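S.K.: Please read through the structure below; I'll follow up with questions.
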Amino acid sequence: MAAPWEDVLRNEAAVQEAARVAVDAALLAGVLMRTESEPNASDVVNYAPFTLFPSAVPSALFEQAYAVQQDFNLLVDAISQNKEFLERTLASTIKVDDFTARLFRIYMQVLEEGLAQSVFLGINRSDYMFDCGVDGTPALKQIEINTIAASFGGLTSRTAAVHGQVLKVLGKSKEASRILPNNPSKGLALGIAKAWELYGSTSAVVMFLVEEVQRNIFDQRCVENELWNRNIRVIRRRFRDVFEKGSLDDARRLYMDSQEVAVVYYREGYVPKNYDQQNWEARLLLERSRAVKCPDIATQLAGTKKVQQELSQPGTLEKLLPGSDEAVARIRATFAGLYSLDVGEEGDKIAAMAIADPDQFVLKPQREGGGNNLYGEELRQVLEKIRDSPERTSYILMDKIKPQPAMNYLLRAHSPLQVSECISELGIFGVYVRQGKEMVMNKAAGHLLRTKAIEHADGGVAAGVAVLDTPYLV
Ligand code: ADP
Ligand code: MG
């Protein structure tokens, strides 16, 4: 997967100059983040970290990832409507994982009351790495699918131009012209706009449910601005605001500060630390409402690691997507080995297998947002400690994916410029809208490439480990 700029990679003067151009281009293009010291103010901002060079991505795998996205959209949507499947799959997990259990309780409560919501909007991002097989041929393997708060669809739409300019500065205009345009934020906004339209009240607003700490606001603003451009009003509120000022009328229409809310787009609510008792109450209020939640709680549960593991079991995909053999085959081709640690003989065998050879696996709890997985020696120690306890069922085990590293420079504010051995993760954004039983939109909305130095096993851009990148197809 050699990229055609190996010749300049070690030319220090050229790299220094390109990095200066790149940083200014990123600032001009809006590849921005608020600073760690002032995460809730835009007075001082910085560029979001990104690679100096685009990274080579095998075009066949890139196309494969796009081609399977609509299948994944249909799969997530099918899971979200399958109470029996969610109940059975998460039964062992919710016994030991309090967070998943609380989400599940809201899910059941909302179902018992009966859904007021009739329009459904899914925005997800399916993430992959390029696993290097024994013969060196890379294969597309899914890391996970994010069904809530999948981020960077905004900022990533700005990196292609930056990388194009870098290549031009380095005398690689032909290569620059081959960089693909990419604008997930537009696709996400089209989905939100469709859901808003189907909700059917022109005076209603779209509410972005945002975190207390909002460093990544510019990424969200990209989507917001696309909505304003379509004359759709957007408000930004936190769980706390919903708790204090949110209400439902008799028809369970949601009101915030006396404005009716058509769509709630969560960029928050996916980790335990997002919730205190009041925030849980706010979440319940939102879920009970008629507003289109993106995602509704069932779709959030469809994105759990435990569900991912269950999908890899023989026959599961066929049951969830009956009569769709080709879609099932496309989906299955992207799966790495996934194993249940449920109590029983099979789980005992899996635990022993991982303890004996920890470098071949990743141990994953039911958490999102990066930095939670366990690898190598740490994996072995933790698993040894919990191997005879039901606590092990709060984890799943996954084959470790091993991509071929490539050299690149990671540009980060206040960090020295140095070459690193890197690996990349490709994400494809999916958007779909369903009204009752009818799918009215099902699309792939663009891509995100994130790259990190190989010494970090885990962690995304927000966690300060990975940086934004642009694929260069080879
Ligand atoms: P999260 O929900 O925290 O983002 P992920 O499953 O995406 O959890 O894992 C976080 C990071 O850990 C990924 O971005 C990737 O870098 C690394 N990772 C996860 N699974 C694997 C795997 N099977 N093999 C290699 N690296 C992995
Ligand atoms: Mg992830």
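A Cβ is built for glycine as well, from the same backbone N, Cα and C atoms used for every other residue.
Residues or ranges marked as substrate binding site in TrEMBL: Arg125, 148-151, 214-216, Gln220, 267-270, Arg450, 461-462. Among the features that TrEMBL reports, ATP binding site is placed at Glu144, Lys305, 364-373, Tyr375, 398-401, Glu425, Lys452, Asp458. According to TrEMBL, the feature Mg(2+) binding site maps to Glu144, Asn146, Glu368. Residues annotated as domain 'Glutathione synthase substrate-binding' in TrEMBL: 204-302.
Help me see these features in their spatial surroundings.
M.R.: For Arg125 (substrate binding site), the Cβ neighbour count at a 10 Å cut-off comes to 26, with all displayed protein chains included.
A 10 Å cutoff on Cβ-Cβ distances gives Glu368 (ATP binding site) a total of 20 other Cβ atoms nearby, all chains included.
Cβ neighbours of Asn146 (Mg(2+) binding site) (same chain, under 8 Å, six or more residues apart in sequence): Asn124, Arg125, Ser126, Asp127, Gly303, Glu368, Gly427.
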S.K.: What's the most sparsely packed of the binding-site residues Glu144, Glu268, counting other C-beta atoms within 10 A?
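M.R.: Output over binding-site residues Glu144, Glu268: least Cβ neighbours within 10 Å is Glu144.
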S.K.: What three-state class does DSSP give Arg125 (substrate binding site)?
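M.R.: In three-state terms, Arg125 (substrate binding site) counts as strand.
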S.K.: Starting from the Cα of Lys452 (ATP binding site), work out which of the binding-site residues (Ala149, Ser151, Arg215, Glu268, Tyr270, Val461) are within 10 Å.
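M.R.: Of everything listed, what lies within 10 Å of Lys452 (ATP binding site) (Cα to Cα) is Val461.
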S.K.: Per DSSP, what is the residue tally for the domain 'Glutathione synthase substrate-binding' (204-302) in helix, strand and coil?
M.R.: 41 helix, 26 strand, 32 coil
S.K.: Hey, what's the Cβ neighbour count for Tyr270 (substrate binding site) at 10 Å?
M.R.: 21
S.K.: C-alpha of Ala149 (substrate binding site) to C-alpha of Gly371 (ATP binding site): distance in Å?
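M.R.: That separation, Cα to Cα, works out to 16 Å.
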